[in-house]
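J.: In case it helps, TrEMBL gives these features for our protein:
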- 10-271: domain 'Major facilitator superfamily (MFS) profile' (DOMAIN)
- 48-68: transmembrane segment (TRANSMEM)
- 75-95: transmembrane segment (TRANSMEM)
- 101-124: transmembrane segment (TRANSMEM)
- 136-155: transmembrane segment (TRANSMEM)
- 167-188: transmembrane segment (TRANSMEM)
- 222-244: transmembrane segment (TRANSMEM)
Amino acid sequence: MVNETRDYVSVGILFFINLINNVDRFTIAGVLPDVKDYYKINDSMAGMIQTVFLISYMIGSPICGYLGDRFNRKYVMMTGMIIWLVCVCASTFIPRNLFPVFLVVRSLIGIGEASYVNICPTMISDMFTTDKRPRVYMLFYLAVPVGSGLGYIISANVAAATGYWQWGVRVTGVAGVLGLILLFLFVYEPVRGASEMVEGKTSARKSTSYIKDIKILLKTPTYILTTLAYTALVFTSGTLTWWMPTIIQYNIAWTRGYKNIQDLSPKEKNQ
């Protein structure tokens, strides 16, 4: 059966994890000027932090998708979340003189997040029939804009309150541990194609080769066009969202006649 109480409990937990996932993506952006000052890096190296994340995320996505199609999806997600949370916390303890290590650890977060983002929608699809699935997806993906905005707010305010940018990043690690525990205890692995079977439809249960899967995708115009469109969207909006908090701080410093943003008080930085 699908659409029972446990389905809604499961999707609520998955929404919470997705929210934390998107908060985490922009915690560094919220404290980027402090990170630059801590590691003594320029804007190019600051941009590299997000670049290495996206590269590992891009590499990890098809791998996690392959594993999710052939193994227990819940455990694949949990493994990815453990990698993600360990790397988030580890990245905040890297000394000032080891920025390359910081880049490597931050890049591994992309692999961890790829496991969740790629597999979770397939589980939701198996929990809900076609009449309810669009609304559930709408709720699930609402975590993207909300989480992104909260990422700036939470990291900047926690960093200002504690005096350390590292705590602004660690906060998502703490929340992520709670999400991992909830995932383990209350989210179940639905039968593949369960919602289609409830509706009396057939569902493909036989695994195919990875090469065959890729060929099918490459022959699907909708997939190709939406992928290209989303890539263009991320290229433009992703750049803006990464640099916007820094740009705002530069603007505040300029209007007040300061020489650099380090002259801003914590209150001014969080305006």
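Cβ coordinates are placed from backbone N, Cα and C, and glycine is handled just like the others.
Automated prediction, rather than curation, is the source of TrEMBL annotations.
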J.: Looking at the stretches 48-68, 101-124, 136-155, 167-188, 222-244, which one shares the most CB pairs under 8 Å with the transmembrane segment (75-95)?
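T.: Going through each listed stretch, the top one turns out to be 101-124.
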J.: For the domain 'Major facilitator superfamily (MFS) profile' (10-271), report the average pLDDT of the model, please.
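T.: On average, pLDDT over the domain 'Major facilitator superfamily (MFS) profile' (10-271) sits at 87.
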